[in-house]
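Engineer: My questions all concern the structure below.
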Amino acid sequence: MSKMEVKTSLLDNMIGVGDSVLLEPLTEDSFLENLRKRFDHNEIYTYIGSVVISLNPYKHLPIYTAEKVEEYRNRNFYELSPHIYALADEAYRSLRDQDKDQCILITGESGAGKTEASKLVMSYVAAVCGKGQEVNKVKEQLLQSNPVLEAFGNAKTVRNDNSSRFGKYMDIEFDFKGDPIGGVISNYLLEKSRVVKQPRGERNFHVFYQLLSGASEDTLKKLKLDRDFSQYNYLSLDSATVNGLDDAANFRTVRNAMQIVGFMEDEVQSVLELVAAVLKLGNIEFKPESRVNGFDESRVKDKNDLKEMCELLGIEQSVLERAFSYRTVEAKMEKVSTTLNVAQAYYARDALAKNLYSRLFSWLVNRINESIKAQTKHRKKVMGVLDIYGFEIFEDGDNSFEQFIINYCNEKLQQIFIELTLREEQEEYIREGIEWTNIEYFNNAIICDLIENNQNGILAMLDEECLRPGTVTDETFLDKLNTICAEHQHFESRQSKNSKFLTDHSLPHNCFRIQHYAGKVLYRVEGFVDKNNDLLYRDLSQAMYKANHSLMKQLFPEGNPAKINLKRPPTAGFQFRVSVSTLMKNLQTKNPNYIRCIKPNDKKAPHIFTDTLVCHQVHYLGLMENVRVRRAGYAFRQPYEPCLERYKMLCKQTWPHWRGPAREGVEVLLTDLQVAQEEYSYGRSKIFIRNPRTLFFLEEKRRQCLQDLATLIQKIYRGWKSRTHFLLLKKSQVVVAAWYRRYAQQRKYQKIKSSTVVIQSFIRGWKARKILRELKYQKRCEEAVTTIAAYWHGTQARRELKRLKEVARRKHAVAVIWAYWLGLKVRREYRKFFRANAGRKIYDFTIQRLMQKYFLGLKNTVPSMSPIDKTWSNRPYQFLDGAHTELRRMFHLWRCKKYRSQFTEEKKAIYEEKLEASEIFKDKKALYPSSVSQSFKGDYLEINKNPKYQKLNSVVEEKILLADFVNKINRANGKGAPRIFLLTKNNFVLADQKTGQIKACVPLPDLSSVSVSTQVDGFFALKLKEGTASAAKGDFLLSSDHLIEIITKLHRTGAPAANRDQLNIDISDEFLVQFKQDKVCVKFIQGGPKNGSSAACKRKNNRLLEVCVPSP
């Protein structure tokens, strides 16, 4: 169906028949064929009146989206296609708007989809009810209770990978607004026998596999478990892994769900410990041990699993071991203790495992109820959801006690279904004023009475047999049934007095057969008595009660020695009968809604519909009986308004609008169509149609009418569309013509405009050229006058210049002649003095020329600007010796000044330290030459940047001048301990290298002197002034790789700090060091140490430390 198409009735676009009540003809074959047809088109839901039939598709279908929820929200039940959402919405609106408590009964065999159906109902109700923080929390808790119960109550079977092995009934409680405020869960008949034994191809409960697959290694170690499934006897291996089930992911989901529901972390741990204890319990094995009285006594083979289980539960190992070997029977004032043989010990072990797990499951249900129960005490509306076993019939005749009580529960549900369905039909007929006619149907009350009668019922006789003294076996129980129930028409047995069954070979001797409403079921009597007794030895209950585990006293209250009850506990059959009775009373107070789940095939595969299997389920679900009961009166009913709205086009008087009451319109419509009077009846608000043929007649007439109307609508639409298209073309032509005329006028205007502009430009050009020619002529005339004048003035100027030059030459000639004449006179006068002064003048001239050459040559031979460059050019002449030396000195001083001007303050300080080191150690300490090329870094540890020493940096408040690693020499053995050496302006500090803890902080004024050797070692002694507080522990003997820098900085910093001229530095190969009260001589000798090339210190005696220094 396209998105634009809207359905307004169940009958629209129907595949098959959506409501089986409308099947015509109604036979079993037509019923199955209708289900198959709808299933093949992915229509998995079909109605029987208000009952929903659901077929498991075994695949994901896109029919559960949020859009689908909105589509079915607040819609009439029959308004849309059959869907589980329609039933859920109908139930929720009846509860919210009419204050009617509801119950939704979901039945079907294992694998039919009951659990998924209950989830869909709950998720739909959660989606359509109110919002809010508290409401959302309640909804989330109700929804998250499902994963927890599925983990502990579901298992993989041959029919279903997620089969519920217990019955569940949940009452969801709502407030007056229809918002959920809490809930209560009831569980029925957990299949606890699965804990100790599983049929071939099936698994134990999911939680065991989820725990081993999904728990962390740390959790498994605490629980003393191993991931290998084969380590545990209670886990079947042939189906340990299931395709499509991720046990590890499901375990995380369960843990998260338990947290959302409200389980505390210690409670979750306690639950997992009990699950682990059940696995450990299955590994306990027994061996016989003979006693002197000739009886065998059971003993535990390997006590390791027993020990680990006792540690998990907090039980003394000896107490549990004795409970597996002895049984105490109390009667009034007597106690009798008997030994257990191996078979009895295994029975006791399995009974304990089953009881421990089933009681844990009941505790989980109660704990969830505590979390999700409604907090308000005001009146609440209730919607119950029942998810319980469907009718079970094993074809191989292996039906036992479990199948018997399951089928008994389904008999009760069928009984209440028929009663409530008939009651609902009768109430509607009375409400609509239609005469009620009795409907013939099979009443299964006689079968229920056969099972539950307090005197002669099968369950009563089973309880009586279990309580009877003497030898009680399954055969004695069967004999009793044969005696009392032989004449019952629904009971069959080979050994009964009824002779007609004596030769029935399909009925074994150890079996009996009951004819249920769904068919005959053969029950094997083996195990009935034991399963009904469900005994747990009192010794085991008391042993469990003594456990220190937080849950054990709650799970085994009967083990309390102070409250010993000698009364026999109720049997399993009695407890289940009481539970079913309570459930029936609860259901009868509510408005029922039914979902019948059907499994289409045994292969768990999509698109496969097995007729025989579906037919079998149709039989035992009583679906044909349901259809017949529903069709016994009127097959179809509908309110007048929607009926008239749907079929009004079939009559000219009602089409297109009916102005009167809807009922009168329907009467006019049916009269006009000539429908027989006996085919329908008029109720107060509904029209009732007896036969489906009448409804299909109306639908066929409506379909033909809709086709005619569709043709008429198409004709009118095509005419309207064509006229609209024509008018649009006409309007478009006018618009196009107008635009074209506008465009043509614009083009014409543009041409005229451009022509005018061209003409104007030509005229303006002609005028401009004319004016230009006149201006050029005027300019040429002016330039000609100027040129002529210039040429004339030039000629006059050249003539005058020529005249002046002639005058000047004449004057110059006179001056030259006069000068030559005067020179001649002077030379004649001074000739006699020239020879006496010529030598001196020549010498002075020569000297001046040599000095000029020397200075010009020195310019090209000047050395580099480096102060350490000692090259200088040779003097060329001896008379320049003094000048040559003085110039060399002046140049050296000048370039030193230039070099010093480049220094920063920091670099000046470094060179000053280097200079001071030279003054202290040059030619005195053999280690000094190797330190000259090394720069003084100061902070070798980068203490301000290193986060490791951040704490130490914060303790030392002053600026750190030096930070380095040193070794503090121990007087006792001469070995060094690593320390951090820090020097500030006023103190030096020694701190631990690893922790940064300060070991010593000495003010520099307390430092009297420093002693070092003349060798290449790094040892130095810091001597403190006697009487100071720092000298209490004595002097410091240290070694460092940066000795020259440390001593130099101490020398520069120590003198100003102590207000003295300089710190005394003693350089000697033998000096005394004060260690507390004693003075020790430190002696340096040359020789190769054994441990390498560095200096080594050894203790010779109490007064001598000898330092071996390698030869240089």
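Heads up, the Cβ atoms here are built off N, Cα and C, so glycines get one too.
Positions annotated as ATP binding site by TrEMBL: GLY108, GLU109, SER110, GLY111, ALA112, GLY113, LYS114, THR115. Annotation source TrEMBL lists domain 'Myosin motor' at 15-703. Residues annotated as domain 'TH1' in TrEMBL: 925-1111. The annotation region 'Actin-binding' is assigned in TrEMBL to 580-602.
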Engineer: Within the same chain, and leaving aside GLY108, GLU109, SER110, GLY111, ALA112, GLY113, LYS114, THR115, name every residue whose CB is within 8 angstroms of the centroid of the CB atoms belonging to the recorded ATP site, in sequence order.
Structural biologist: ASN56, ASN160, SER163, SER164, GLY390, CYS597, LYS599
Engineer: Using all protein chains in view, find how many other C-beta atoms are within 10 Å of the C-beta of ALA112 (ATP binding site).
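Structural biologist: I get 24 for this one.
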Engineer: Give me the non-local Cβ neighbours of LYS114 (ATP binding site): same chain, 6+ apart in sequence, Cβ-Cβ under 8 Å, ordered along the sequence.
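Structural biologist: Expected: ILE106, THR107, GLY108, SER164, ASP387, ILE388, GLY390, ILE595, CYS597.
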Engineer: Far apart in sequence but close in space: which same-chain residues, 6 or more away, have a Cβ under 8 Å from SER110 (ATP binding site)?
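Structural biologist: Counting only residues 6 or more apart in sequence, the Cβ neighbours of SER110 (ATP binding site) under 8 Å are THR157, ARG159, ASN160, SER163, SER164, TYR389, GLY390, GLU392, LYS599.
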Engineer: If you run through the region 'Actin-binding' (580-602) with DSSP, how many residues end up as helix, strand and coil?
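Structural biologist: When I sort the residues of the region 'Actin-binding' (580-602) into the three classes, I find 9 helix, 8 strand, 6 coil.
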Engineer: Select the most exposed residue of GLY108, GLY113, where exposure means the fewest other Cβ atoms within 10 Å, treating these as the binding-site residues.
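Structural biologist: Lowest Cβ count within 10 Å among the binding-site residues (GLY108, GLY113) is GLY113.
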Engineer: Would you report the average pLDDT that the model assigns to the region 'Actin-binding' (580-602)?
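Structural biologist: Result for the region 'Actin-binding' (580-602): average pLDDT 86.
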